[in-house]
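Enquirer: Here's the feature list from TrEMBL:
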BINDING   B:Leu9, B:Gly10, B:Leu11, B:Gly12, B:Thr13, B:Val14, B:Gly15, B:Thr16  NADP(+) binding site
BINDING   B:Lys105  NADPH binding site
BINDING   B:Glu190  L-homoserine binding site
DOMAIN    B:350-429  domain 'ACT'
Number of protein chains: 2
Amino acid sequence: MKPVKVGLLGLGTVGTGVVRIVEGNQEDLSSQVGSPILIGKVAVKNIDKLRNIEIDPSKLTEDPWEVIRDPEIDVIVEVMGGIEQTKEYILEALNLGKHIVTANKDLMALHGSEILAKAQEKQCDVFYEASVAGGIPIIRTLIEGFSSDRIIKIMGIVNGTTNYILTKMSQEGASYEDVLKEAQELGYAESDPTGDVEGLDAARKMAILGTLGFRTNVDLSDVSVKGISSVTKDDITYAKNLGYEMKLIGIADRQDEYITISVQPTMIKQSHPIASVNGVFNAVVVHGESVGETMFYGAGAGELPTATSIVADLIAVIKNLKLGVNGLKAIVPYKTKKLQSDEQIFYKNFILLHVDDKAGVLARITQIFAEYDVSLASVVQQPNEHNPDAEIIIITHKASKANMDKVLKHFEQLDVIQRIKSVYRVEDI
Amino acid sequence: MKPVKVGLLGLGTVGTGVVRIVEGNQEDLSSQVGSPILIGKVAVKNIDKLRNIEIDPSKLTEDPWEVIRDPEIDVIVEVMGGIEQTKEYILEALNLGKHIVTANKDLMALHGSEILAKAQEKQCDVFYEASVAGGIPIIRTLIEGFSSDRIIKIMGIVNGTTNYILTKMSQEGASYEDVLKEAQELGYAESDPTGDVEGLDAARKMAILGTLGFRTNVDLSDVSVKGISSVTKDDITYAKNLGYEMKLIGIADRQDEYITISVQPTMIKQSHPIASVNGVFNAVVVHGESVGETMFYGAGAGELPTATSIVADLIAVIKNLKLGVNGLKAIVPYKTKKLQSDEQIFYKNFILLHVDDKAGVLARITQIFAEYDVSLASVVQQPNEHNPDAEIIIITHKASKANMDKVLKHFEQLDVIQRIKSVYRVEDI
């Protein structure tokens, strides 16, 4: 049977994994698609670089266009990263009728709708399972597994770097700075960790999940983002004492036809399985009207887990190719986007205040919550270990973001409050 | 656009859920498949029964053949249960070129290979996502999400009744008998609970998962089964004190080309997310050579969760129908089955012995382990609260099942051992 030829853009960690799986599992793969799968051509940055995988040098090129324009290549696997230039490559590949498998969350979060529209026009497949949560088949699950349901909420630990940092801080009582340094030495965090620790990477993935879950085009700018760089080891201790773990959680939430998407450090009830998702692992909780609560857990990154998703997409493309049905099952978001206002967004809050240690302060503070219609689940005042002030630890019931913002603004002007030490979203799920 | 007509066999809990979702989510569903989906005819046991769903009485029949032979019906959804008679219905429907969606794990575990062969012959789809772990799309995940990988191990909590019982016993320190009675009153356990509590239901699901994961035909008789009826509240307390939760776990394991499948009460490390899977929830851990460890969690049963999977399958059938590609993506197991011998099956064990409280007993016992090459991770001897004997609590390192069986046989003949109180598999995952 004539082999299917695949062009590879990029031969870094994930690209190497793709070659390993396609070559190592060739027998299993070809018995599923009915013909051999060959890596035909590979675009790399530097053709002379030493690699920890054997590959026929005649297949390597430093010119991506050579891969894209090779008439023998049917499918392009894009694992080079990058946004604008890469978009050009992919649009041109689609123009030439080639199918795309990509791991590029940045590209899909920013230009997904344009790329998917072009794919539909050209009746080509564009699959991107590996772009969110590495080895977890969450995109397939949202598109196919829950095609019958209406999603209410998606909650995800979708960034391994921050989950590694928060896990270490929680398990070892270490500071953010120390753990970040260690993560950088281990290669779990980049030398400039901003994209991970400030939540942008998670926000891009949540834009993709929100688009699929709610069947409407969620833009990156629709996602409100707060990272973990201000989380202290004390915050984590408070969380644990109250029965919570601190996690960087992406939340996509729908009430009727109004949606909201955010990423922020969140206190998660310890009894829920997602609170036990530690280290570089990822997990996504999907709550559907009919199916109820589900969770999907696995490696969020890494050579082979990510390549597993890419090659699974590749098999899907090749099966469609053999059946002549590429591009015909694409889901194009068909709903008009309506975003929740701050008055419509409701959740519980944890608030830690440093206040003057004198009579009447607690009463004044609880009164302000009442003024803005925020009701309280618990309030504890205790002496502060580190200085002469008192600490007040508050957990609210679900309150609107608008009202909570007003409370916090009022607090800033209140002279008995020395400092609003911490504010976190709380999820009891 | 001409509607697609669906025939329903059965209108119990799950069948009612199917009607609710197909009618309630019609707009979302039809926008995905490009035409309305109609429930055309429904076979029920008693046409006059009062139902908590409105359905046009002219669609009801007491004769399943009327549904199967209706020329206007393209897809049969089978939610009536049963094995031999139901198999006849399904084979005849396939003969007539109709596609099948079924939730029937008993049927698929016992006759899946025959049904799938007939489907392939007739180029029909047979989808059965709902047959294992209700709302969790685990079958789709094994077939498509991990098509690129080679599965090493599948571990599942796939029976909600037993998980409910063990959870209650663990959380409330209640006895097996009391919790079973409560579960029966709540409708979580049947009046004859044997199929659930003795592990047969879980075994059938594991046969299905093993077949898909290892791409070889696993028969029900290949699954070794032990239920939970002999688990005591003391056992659960011991497990907790050692950092474990007791769960009824199905395990499908592969070493090279040799597989083994079993269901038994198992002590699971508390720190792993699967240990937090409580109540009637299900979860399946899948370990792949490339993807590493993943877990899928959700409702294992219930009207709407199960119906979610059925209607997702229905959408997949209808999409294939529109593209003219039904039956062409079927995965037929292609590997020769090789079962592990007891010498090849390795795992850790928990053993609780009641022994004579005198010098030398512990030495004698540890010596017997050594004789059969079973090495020990920990041994604790303590006075028995309830009588004058001593208790010995042993955790072994991984040992072959064959050797462990020899140790236990030897113990039975040893007069210083009053009783082998409990033996459980231990999984540290």
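Placed from the backbone N, Cα and C atoms, the Cβ positions cover glycine too.
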Enquirer: Taking only the Cα atoms, work out how far B:Gly12 (NADP(+) binding site) lies from B:Glu190 (L-homoserine binding site), in Å, as a whole number.
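Expert: With the alpha carbons as reference points, the distance is 15 Å.
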Enquirer: Name, in the order they occur in the sequence, the residues of the same chain whose CB lies under 8 A from the CB of B:Glu190 (L-homoserine binding site) and which sit 6 or more residues away.
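Expert: Once residues fewer than 6 apart are set aside, B:Glu190 (L-homoserine binding site) is near B:Thr161, B:Gln184, B:Asp196.
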Enquirer: Determine, for the NADP(+) site, the additional residues of the same chain whose CB lies within 8 Å of the mean position of the CB atoms of B:Leu9, B:Gly10, B:Leu11, B:Gly12, B:Thr13, B:Val14, B:Gly15, B:Thr16; present them in sequence order.
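Expert: Neighbours within 8 Å of the Cβ centroid, excluding B:Leu9, B:Gly10, B:Leu11, B:Gly12, B:Thr13, B:Val14, B:Gly15, B:Thr16: B:Leu8, B:Gly17, B:Val18, B:Val79, B:Met80.
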Enquirer: Taking every protein chain shown into account, which of the binding-site residues B:Thr13, B:Thr16 has the largest tally of Cβ atoms within 10 Å of its Cβ?
Expert: B:Thr16
Enquirer: May I ask for the distance between B:Thr16 (NADP(+) binding site) and B:Lys105 (NADPH binding site), taken between their Cα atoms and rounded to an integer number of Å?
Expert: 19
Enquirer: To the nearest whole angstrom, what is the C-alpha distance linking the residue listed as 'NADPH binding site' and B:Val14 (NADP(+) binding site)?
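Expert: Cα-Cα, rounded: 14 Å.
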Enquirer: Using DSSP reduced to three states, classify B:Thr16 (NADP(+) binding site) as helix, strand or coil.
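Expert: The residue in question, B:Thr16 (NADP(+) binding site), is helix (DSSP, three-state).
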Enquirer: Among all protein chains shown, how many Cβ atoms are found within 10 Å of the Cβ of B:Gly12 (NADP(+) binding site), not counting that one?
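Expert: I count 14 other Cβ atoms within 10 Å of it.
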Enquirer: Write out how many residues of the domain 'ACT' (B:350-429) are helix, how many strand and how many coil, based on DSSP.
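Expert: Its residues fall into 23 helix, 34 strand, 23 coil.
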Enquirer: Determine, from DSSP, whether B:Leu9 (NADP(+) binding site) sits in helix, strand or coil.
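Expert: Assignment for B:Leu9 (NADP(+) binding site) reads strand.
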Enquirer: On the three-state reduction of DSSP, what should I expect for the residue listed as 'NADPH binding site'?
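Expert: Helix, per DSSP.
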Enquirer: Counting only other Cβ atoms and using a 10 Å cut-off, which of the binding-site residues B:Gly10, B:Gly15 scores lowest?
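Expert: Ranked by other Cβ atoms within 10 Å, the binding-site residues B:Gly10, B:Gly15 bottom out at B:Gly10.
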Enquirer: In sequence order, which residues at least six apart in the same chain have a CB under 8 Å from the CB of B:Leu11 (NADP(+) binding site)?
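Expert: Listed in sequence order: B:Val19, B:Val42, B:Ala43, B:Val44, B:Arg51, B:Ile53, B:Ile55, B:Leu60, B:Val79.
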Enquirer: Write out the long-range same-chain contacts of B:Leu9 (NADP(+) binding site), meaning residues 6 or more apart in sequence whose Cβ is under 8 Å from its Cβ.
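Expert: Listed in sequence order: B:Val42, B:Ala43, B:Pro64, B:Val67, B:Ile68, B:Ile76, B:Val77, B:Glu78, B:Val79, B:Met80, B:Thr86, B:Tyr89.
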Enquirer: Are there residues of the same chain, six or more positions away from B:Val14 (NADP(+) binding site), whose CB falls under 8 angstroms from its CB, and which are they?
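Expert: For B:Val14 (NADP(+) binding site), the qualifying residues are B:Val79, B:Ala103, B:Ala130, B:Glu303, B:Thr306, B:Ala307, B:Ile310.
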Enquirer: Where does B:Glu190 (L-homoserine binding site) sit in the DSSP three-state scheme?
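Expert: The residue in question, B:Glu190 (L-homoserine binding site), is coil (DSSP, three-state).
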